[in-house]
């Protein structure tokens with residue numbers, strides 16, 4: 001594989017703008033090659049003095065320039081100058097020492113190379129500084145965790161009388177206080193070193209092992225205290241008097257308590273359950289922090305490789321020597337010489353293994369470095385095999401239906417109207433899954449980090465092949481059951497007691513697969529889906545995350561599928577098989593739930609918007625909640641009109657549907673997709689686009705408008721002779737699923753670009769402890 005493709009493949013999607021523009025530099029080298037071949041003078045470029053003036057005028061501050069000593073490097077055609085900025089650090093500018101005639105493209109190359117390197121070096125330094133600030137916070141969090149562990153596991157601990165009962169792993173520090181494993185002991189401005197002060201473990205002597213909360217491994221070596229410093233010791237648990245637990249309101253009980261107390265901070269209860277929650281949250285924080293360090297190290301390595309590769313290409317094309325001088329400067333820069341990330345990686349591994357995996361290195365590294373999924377050929381084979389079976393069964397069903405001329409007979413039409421609601425539920429699900437598989441394919445192709453946006457655990461996210469396999473498997477089961485049902489109906493005398501249980505058996509199989517507790521058929525993904533559905537049902541009581549409201553949006557496009565579940569219950573509880581369809585609609589209870597089920601998905605989204613409004617104080621969530629409330633009214637009025645035909649209900653249904661459709665269409669295009677920006681570089685679109693062809697966005701906007709207004713047909717009831725019974729509602733329900741599939745791609749594209757704009761490549765996890773620093777001296781004054 002060529003380096004350019006590998007470099008692009010290995011980029012962090014959210015940091016793509018911070019990498020070296022390898023293709024841009026390569027394009028300039030191609031221009032140099034063509035220029036040498038044609039011997040035509042290219043466009044002029046800025047000189048060194050002009051670029052120095054630009055740097056000076058950039059911020060209006062004084063700059064001091066110092067030229068690197070390149071005397072030890074002979075026959076080099078460049079000299080790299082270091083420009084010292086008072087606030088922003090160092091910048092590097094290259095002076096071309098070769099003949100200026102015919103070398104304008106080469107000067108442009110080094111101009112571009114300097115710009116890209118300075119960009120990468122500044123970005124890397126900023127990220128490392130950010131990481132070092134996070135280390136300070138993690139130090140304080142670990143101090144609090146260790147003290148809490150001692151307090152919970154040994155409530156009778158006395159710092160002065162029982163200090164010998166603790167075991168400390170000492171490393172370049174004094175045993176006068178508890179210090180976290182990430183404590184920094186020596187700091188150098190150029191090469192920061194991170195040392196370990198204390199790594200305490202604990203136990204309660206004489207206590208029995210608690211199976212529900214395993215204890216941390218304990219070093220039984222007794223600490224020998226020095227008598228001359230006994231009087232200067234401080235209470236290691238004093239830190240607990242200055243901290244509180246941060247309540248993230250992630251569970252129903254915490255939400256209710258937070259509303260009653262009107263506070264996001266709770267006093268410590270010193271319970272094992274509390275300690276377990278804190279450890280779990282810190283475990284996630286350390287995992288995310290470790291991933292950031294790994295990506296920073298990989299970012300440095302890939303950019304250094306790109307610089308070396310592009311300079312090697314330059315020497316090959318121009319036959320000039322420049323790589324040694326430039327790479328010597330790169331090696332001395334912050335990007336090439338910084339060791340903070342490597343040191344922190346080792347320290348985080350040691351801390352995580354010691355405190356969160358019971359000193360089991362294999363277990364700890366398995367958590368910190370989960371294996372990437374390997375694409376298996378059998379997935380592709382099974383997908384093709386099941387899709388072929390599905391198509392064959394569908395063709396067999398159509399031929400059998402035509403052979404028995406069910407569409408020409410009145411009883412045949414009645415039979416289809418009866419079984420279509422039983423099997424249409426699976427059609428909506430299969431169609432949605434196929435569209436989701438297509439979305440994953442295009443998200444991957446255009447480097448949209450859907451796994452990070454959805455918060456999937458690394459190594460557990462499904463690929464488009466796997467989703468396609470599941471959808472084809474479900475489709476095969478549905479077509480097989482439908483064909484069996486049709487065959488048994490032709491011999492009703494033989495299967496009179498069994499024919500009605502075919503759809504119910506299919507539903508039982510689907511529910512069993514979904515809720516199966518065994519580790520088969522992508523158990524982690526099934527649990528993730530079940531968890532998100534449960535959080536949607538309890539919308540006001542759970543903190544709203546992107547997967548939650550994204551799934552709730554999917555449910556709003558599956559109203560007909562949800563109503564099919566109601567028909568299942570009615571069909572198998574109240575009515576006989578021969579009169580099922582008509583009798584269900586004659587029940588008042590059925591009609592009441594027909595209203596309720598249509599409203600439930602929008603009700604989920606309404607409560608989610610209200611929750612986000614109170615938590616995030618974002619006014620846009622109030623407008624979003626209003627949008628879903630108007631949609632609820634429109635759905636109720638439209639449902640009432642479908643059950644009670646009258647002119648008044650028709651007028652109300654048309655007006656409410658028009659208002660809601662206009663509001664939703666505007667929100668889709670402007671808010672969710674971020675298009676139709678007035679001051680955009682791309683007219684009527686947005687500044688940043690993932691797709692190259694702008695026409696795709698305009699086509700998508702037009703289709704969204706048309707499909708949004710398509711559901712008005714259910715109100716206006718245009719006469720289509722070839723469409724009868726529930727076929728019309730099924731077709732428009734499928735159109736809504738198609739619209740939602742298109743909406744999904746552009747919605748995640750906009751979310752991804754927002755992350756790219758903020759260089760946000762990691763999940764934000766709230767810290768478990770908050771410190772309340774009290775200055776006693778100020779109080780005395």
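Using N, Cα and C of the backbone, Cβ positions are placed for all residues, glycine too.
For reference, TrEMBL has these:
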type: DOMAIN; residues: 1-328; note: domain 'SPX'
type: TRANSMEM; residues: 379-400; note: transmembrane segment
type: TRANSMEM; residues: 420-443; note: transmembrane segment
type: TRANSMEM; residues: 464-486; note: transmembrane segment
type: TRANSMEM; residues: 501-521; note: transmembrane segment
type: TRANSMEM; residues: 528-545; note: transmembrane segment
type: DOMAIN; residues: 585-779; note: domain 'EXS'
type: TRANSMEM; residues: 588-604; note: transmembrane segment
type: TRANSMEM; residues: 625-643; note: transmembrane segment
type: TRANSMEM; residues: 649-675; note: transmembrane segment
type: TRANSMEM; residues: 696-716; note: transmembrane segment
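Looking at the domain 'EXS' (585-779) alone, the prediction's average pLDDT is 83.
At the 8 Å Cβ threshold, with sequence separation of at least 6, the transmembrane segment (464-486) comes into contact with the transmembrane segment (379-400) through 3 or more pairs. Stretch with the largest number of CB pairs closer than 8 A to the transmembrane segment (528-545), among 379-400, 420-443, 501-521: 501-521.
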